[in-house]
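This report concerns only the one structure given below.
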Amino acid sequence: MSIVRSLGSEFQKVLTTRMWWLLALVLVGYVAMMSGGFGAFLGWATQNPDAAASAGGDTALPPGVELAPLLYSFASSIGYVFPVLLGALAVTTEFRHRTLTTTFLAEPHRTTVLSGKFVSQLVVGAVFGVIGFATSVAAGAAALAAFDLDTGLDSSDTWALVGRGILAMALWGAIGVGLGALVPNQVAAIVIVIAFTQFFEPVLRLVSSLNDVTASVGRFLPGAASDALVGASFYSVASLGSTDSLEWWQGGLVLLGIAVVTTVIGGATTWRRDVS
Amino acid sequence: MGDGTTIEITGLTKRFGAVTAVEDLTFTVEPGRVTGFLGPNGAGKTTTLRTLLGLERPTAGTATFGGTVYRDLKRPLETVGAALDAAFHPGRTARNHLRVTATAAGIRSSRVGEVLEQVGMSEFANRRVGGFSLGMRQRLALATTLLGDPRVLVLDEPINGLDPEGIRWIRGFLQSLARDGRTVLVSSHLLSEVQQSVDEVVIISRGRLVRSGPLSSLELDSSPRTVVDSPDRARLAAALDQAGLEYTEGRGGFIVAEPDPGMVGHAAFVGGVELSSLHRLKSGLEDSFLALVGEGEGAA
């Protein structure tokens with residue numbers, strides 16, 4: 001089966017360069033800092049409401065918000081940029097280093113190659129999900145336990161959230177492949193990923209939440225759909241409005257749709273071109 | 001031939017927008033010999049090879065291995081080994097590059113060590129390609145072509161960047177591959193670079209076929225001759241006819257079967273033709289090659 005060979009080759013490509021563990025390392029550091037740090041701060045603020053208030057902040061969470069899911073979901077709500085980057089790099093690196101020639105000589109059926117990248121990055125994204133959630137649960141639970149707060153580790157809801165979060169990270173890896181196929185220029189692809197995930201989307205989500213009409217559109221933004229799939233997020237607390245997010249499965253379908261549509265369009269355009 | 005070991009280029013045309021890179025090119029490459037695919041830079045060699053390997057789509061015509069296009073070969077790397085631009089991911093080691101490629105093509109991984117040995121790169125197997133010289137990249141590219149033990153080898157400028165020792169090595173290597181009955185097609189922009197290792201030549205210039213045949217047929221051309229050119233080639237041809245001189249028309253002018261340029265100059269004078277160049281074609285394959293592809297005056 002040529003798709004199996006292609007898949008095996010794509011996994012080897014990921015594992016034989018340093019990018020995957022560099023990104024995994026940054027993911028662990030980033031998520032540990034946010035989940036553990038934020039957990040410790042909220043834990044302290046919950047125990048010392050007067051001191052927290054005098055420090056100049058209204059730190060009280062809206063009623064009904066649980067701390068544990070909020071902290072654990074940092075793995076996907078801020079960590080999703082890493083599988084996207086790795087997925088996009090899996091495609092753009094081949095253009096940048098002109099290795100597409102060798103790749104297409106070994107497997108001249110280009111759809112098979114792209115399918116191999118799509119599926120392998122789903123798996124790599126899921127592995128990043130496992131790494132990210134292991135970090136956020138460990139750091140977050142440690143912080144909560146330090147302040148005698150409920151870690152939620154004995155609740156099946158927590159583990160369902162972790163499972164959905166890993167699924168979200170997998171889908172983000174596939175979205176990266178689609179983006180790379182659409183924008184084969186590596187620098188452009190990286191700039192788009194960073195600018196969109198770190199700036200444009202957060203701003204759009206915040207702005208769209210100000211008004212009910214825009215909010216109903218804003219929940220289809222990829223990051224919002226991802227948070228809906230996972231079921232909790234820092235944004236759902238920070239957003240000013242109160243519009244319901246999508247159902248978790250709707251969020252998953254939005255992510256899957258983005259991954260498939262971008263990959264199919266990229267596969268029918270830039271991926272079909274002459275390799276010179 | 002049904003075994004896909006003969007390269008068949010038939011009426012191949014490739015245009016990039018308004019630019020025609022290859023035009024109505026037809027030639028075949030037979031097994032058991034090393035064939036030099038020659039032409040100046042920009043003549044369309046690489047485009048022809050990329051089309052043959054399914055990396056570029058032809059505008060018209062076909063490029064096949066015994067009638068089968070590359071994409072339809074059942075086990076492409078076990079039929080054809082091709083090295084086009086020695087491009088690798090700089091962060092991957094030589095061994096891992098070969099492993100990735102072998103996996104994609106379904107070739108057993110024990111071949112990786114064998115081909116590294118074959119091109120004399122075993123000691124660099126675990127080094128990242130980013131630190132390799134061009135010569136080492138060329139060897140790694142060659143190792144990649146050998147992974148599937150193919151019957152056909154297509155090598156684009158494989159001698160570029162090799163040191164004299166490497167050049168001597170690859171010449172012997174290509175010859176031994178052809179002696180095994182393989183089809184070996186090697187492109188180069190310099191005939192002198194490959195003339196010691198090729199048996200056949202296919203020469204193209206500006207996307208068109210100029211000559212194809214045994215290298216020895218080119219040697220016949222290399223007896224002393226005179227190259228002459230004029231802004232008015234029709235009148236020059238008439239003057240040469242008048243003087244009873246035999247000639248062939250190349251891109252660089254007329255190649256006249258007359259060793260003495262003075263005689264040719266006289267013929268032109270008698271015919272009242274203005275000349276733009278007149279010189280003796282030195283007895284060398286390179287000169288007849290350059291005259292054929294139209295760079296004779298620039299290089300002489």
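Placement of Cβ uses the backbone N, Cα and C atoms for every residue, glycine included.
The transmembrane segment annotation in TrEMBL covers A:20-44 (among others). Non-local neighbours of the transmembrane segment (A:20-44) in the same chain are 14, 52, 59, 61, 67, 71-72, 74-75, 78-79, 82, 85-86, 124, 128, 131-132, 135-136, 138-140, 142-144, 146-147, 149; each lies 6+ residues outside the stretch with a CB under 8 Å from one of its CB atoms.
What TrEMBL lists as transmembrane segment is A:70-91 (among others).
Tertiary neighbourhood of the transmembrane segment (A:122-147): same-chain residues 11, 14, 20, 23-24, 27-28, 31-32, 34-40, 43-44, 46-47, 67-68, 71-76, 79, 82-83, 86-87, 153, 158, 162, 165-174, 176, selected by CB-CB distance under 8 Å and a gap of 6+ residues from either end. The feature transmembrane segment is assigned by TrEMBL to A:122-147 (among others).
Marked as transmembrane segment by TrEMBL: A:159-180 (among others).
Here TrEMBL flags A:187-207 (among others) as transmembrane segment.
When Cβ-Cβ distances below 8 Å are used as the criterion, the transmembrane segment (A:248-271) is approached by residues 91, 110-111, 114, 118, 164, 167-168, 171-172, 174-175, 177-182, 184, 220, 222, 224-231 of the same chain, each at least six residues removed from its ends. Per TrEMBL, transmembrane segment is recorded for A:248-271 (among others).
Within the chain, the transmembrane segment (A:187-207) has long-range Cβ neighbours (under 8 A, six or more residues past its boundaries) at 80-81, 84-85, 88-89, 91-92, 176, 179-180, 214, 218, 221-224, 235, 238-240.
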